[in-house]
Ligand SMILES: Nc1nc(=O)c2c([nH]1)NC[C@@H]1CN(c3ccc(C(=O)N[C@@H](CCC(=O)O)C(=O)O)cc3)C=[N+]21
């Protein structure tokens, strides 16, 4: 039976370190870390995530701003706000919550965020640095960064020679996750919707990362006995008519736990780590702005 990797607990440990490092930055006369979170429209799930990000930022002792814009906001107006935040010395991290409404080109907005304030790590500069293994001065996207901390809790820092399979090739999880696993000396395969016989491939993985956005697609017999399973999925499903929606991952948790050596639950696994690493990235940005090397987590 698998060890359940408690992302909520690990996330709280990271946040506790961020709080401490924030306090010592302020004691040394450094700037108070500032995080601005922008949300456009009223998507309920986005509201949940944005509220928890703002709350966590305040808990860390940050200056925290939340900008809520109406769903019909123009691309020009949103870009105008991003420019303002780019120039604001009280702000070290800018996050524009995705997805954005159809009238706005997300790619344009993401690239408009100053690279040194791009705490999502989605900007070309940060993606390029991760692509060439230049991790120290980049912002690593929050979810992959959080996943790596959970993997390291099980395997330690050196993953040399382990086989990793990442299912999903998104710019915000799959691809950066594969790069981080490669940088940690795994042998990495990225699977996707066109991959043939996904189950056979998944069974080769010592570390299996599911980031496809399809509820419980990874079955128990896809998991190599003893493997570490990292479930990035956040799917709201309603099984019976009128039943309250529940959150499930991309992994069929119960059956996968039969084979896995360690597995992350949903909720309580990768999600809280995403929030924690956003705090860590914002802190790192404030340290850099104060000319100090940022603490490692
Ligand atoms: N620019 C941008 N950056 C993001 O990082 C970003 C985004 N847009 N858009 C949406 C996704 C999703 N995301 C999550 C954050 C926290 C939880 C989280 O805390 N989940 C809890 C459950 C919370 C709940 O009840 O839904 C858990 O898994 O335990 C989940 C998902 C960040 N995202």
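Every residue gets a Cβ built from N, Cα and C, even glycine.
Feature annotation from TrEMBL assigns NADP(+) binding site to 168, 169, 170, 234. Per TrEMBL, the feature domain 'Tetrahydrofolate dehydrogenase/cyclohydrolase catalytic' maps to 5-120. Annotation source TrEMBL lists domain 'Tetrahydrofolate dehydrogenase/cyclohydrolase NAD(P)-binding' at 141-288.
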Model confidence for the domain 'Tetrahydrofolate dehydrogenase/cyclohydrolase NAD(P)-binding' (141-288), as mean pLDDT, reads 96
Binding-site residues near ligand 1 among 168, 169, 170 (Cβ under 6 Å): none
If you count other Cβ atoms within 10 Å of each one's Cβ, which of the binding-site residues 168, 169, 170 has the most? 168
All chains considered, the count of other Cβ atoms within 10 Å of the Cβ of residue 234 (NADP(+) binding site) is 20
With the NADP(+) site defined by the record as 168, 169, 170, 234, how many Å span the farthest pair of C-alpha atoms? 16
